[in-house]
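Novice: Before anything else, here's the structure in question.
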Amino acid sequence: MARGKAKEEGSWKKFIWNSEKKEFLGRTGGSWFKILLFYVIFYGCLAGIFIGTIQVMLLTISEFKPTYQDRVAPPGLTQIPQIQKTEISFRPNDPKSYEEYVRNIVRFLEKYKDSAQKDEMIFEDCGNMPSEIKERGEFNNERGERKVCRFKLEWLGNCSGINDETYGYRDGKPCVLIKLNRVLGFKPKPPKNESLEAYPVMKYSPYVLPVQCTGKRDEDKDRIGNVEYFGLGGYPGFPLQYYPYYGKLLQPKYLQPLLAVQFTNLTMDTEIRIECKAYGENIGYSEKDRFQGRFDVKIEVKS
């Protein structure tokens, strides 16, 4: 039995290294070299084919604009202050209750300060009234970075923070800033004037994508009170000269036009659900995405 075990042990040792034939694991050095060379060439060819395929694919893709945008959803509408539960609840006589909302607005508006828009090589004045879409050439690097329209805080009126650093929260008249999310190459198409007849409070311009905030439910409509809008030229919406957006590579300092909304006499101690909605021929809404073209926010001013 001991002899059989020794014989078995000697056989696997001989398989690992056969000193008589100079073989390692059943192959000579030359055989190992040939098989390793084969696999190096084989996997090298596979890697070359893969890299070549990627290079060909990259030649068809622009780093400045997606080749296909037919499935890109319409832009979303969002509010500032940006809050997790889309609920704003505060007491006007308690600064700590609205401190986070004010800080959120201040932080967002930093890039809209005059001091941040001084560079004449980057920023330009695009007028104090809404105007037509401002084309800035093709989506490529032939002309380098594109200029960006300035947006002045003073256009936000009572919600600019210039005269009221609490943005109305101290007086129980909260401000909410509204922006249309960036979509590369998107050109808003405002609705026709006659299609807005159901919304008589909306000031119309063919060069503005209008926005309106109303009570979400019937009971909310009676409690929302007066709503004031502050935007470029006094229009409640987004002026077209700020579009299209050319992307971070061509417009790294791009400023979205803003609309400020102030609720001046909300019913106290009542949770009011408010819906703000953009209107346009190429603005869509989705039940699956509550921010596509609109948003809801709950506001409660406590006594």
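Each residue, glycine too, has its Cβ placed from N, Cα and C.
Features from Swiss-Prot:
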type: TOPO_DOM; residues: 1-34; note: topological domain 'Cytoplasmic'
type: MOD_RES; residues: S11; note: phosphoserine
type: TRANSMEM; residues: 35-62; note: transmembrane segment
type: TOPO_DOM; residues: 63-303; note: topological domain 'Extracellular'
type: MOD_RES; residues: Y101; note: phosphotyrosine
type: DISULFID; residues: C126-C149; note: disulfide bond
type: CARBOHYD; residues: N158; note: N-linked glycosylation site
type: DISULFID; residues: C159-C175; note: disulfide bond
type: REGION; residues: 191-303; note: region 'immunoglobulin-like'
type: CARBOHYD; residues: N193; note: N-linked glycosylation site
type: DISULFID; residues: C213-C276; note: disulfide bond
type: CARBOHYD; residues: N265; note: N-linked glycosylation site
Novice: Among C126, C175, C213, C276, all listed as disulfide-bonded residues, which has the most CB atoms within 10 Å of its CB?
Specialist: C175
Novice: Relative to the Cα of C175 (disulfide bond), which of the disulfide-bonded residues C126, C149, C213 has the closest Cα?
Specialist: C213
Novice: Determine which residues of the chain contact the transmembrane segment (35-62) at the Cβ level, with the cut-off under 8 Å and only residues 6 or more beyond its ends counted.
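Specialist: Contacts of the transmembrane segment (35-62) (Cβ under 8 Å, skipping residues fewer than 6 from its ends): 27, 139-140.
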Novice: Measure from the Cα of the residue listed as 'phosphotyrosine' to the Cα of every one of the recorded positions C126, N193, N265, then give the nearest.
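Specialist: Sorting the recorded positions by distance from the residue listed as 'phosphotyrosine', the top entry is N265.
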Novice: On a simple 10 Å Cβ count over all chains shown, which one of the glycosylation sites N158, N265 is most densely packed?
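Specialist: By the 10 Å Cβ neighbour count, N158 comes out on top.
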Novice: Express the distance between the Cα positions of C159 (disulfide bond) and N193 (N-linked glycosylation site) as a whole number of Å.
Specialist: 27
Novice: Per DSSP, how many helix, strand and coil residues does the region 'immunoglobulin-like' (191-303) have?
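Specialist: Summed by class, the stretch gives 16 helix, 38 strand, 59 coil.
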Novice: On a C-alpha basis, identify the one among C149, C213, N265 that is nearest to N158 (N-linked glycosylation site); the candidates are the recorded positions.
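Specialist: Closest by Cα: N265.
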Novice: Across all chains shown, how many C-beta atoms besides its own are within 10 angstroms of the C-beta of C149 (disulfide bond)?
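Specialist: The Cβ of C149 (disulfide bond) has 20 Cβ neighbours within 10 Å.
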Novice: Within its own chain, what residues at least 6 apart in sequence put their Cβ under 8 Å from the Cβ of N193 (N-linked glycosylation site), listed in sequence order?
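Specialist: Correct list: Y204, P206.
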Novice: What three-state class does DSSP give C149 (disulfide bond)?
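Specialist: Where C149 (disulfide bond) sits, the three-state DSSP reduction gives strand.
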Novice: Looking only at Cβ atoms, how many others are within 10 Å of the one on the residue listed as 'phosphotyrosine'?
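Specialist: Summing over all protein chains shown, the residue listed as 'phosphotyrosine' has 22 other Cβ atoms within 10 Å.
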Novice: I'd like to know the mean pLDDT over the topological domain 'Extracellular' (63-303).
Specialist: 91
Novice: Could you tell me which three-state DSSP class C126 (disulfide bond) falls into?
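Specialist: SS state of C126 (disulfide bond) = coil.
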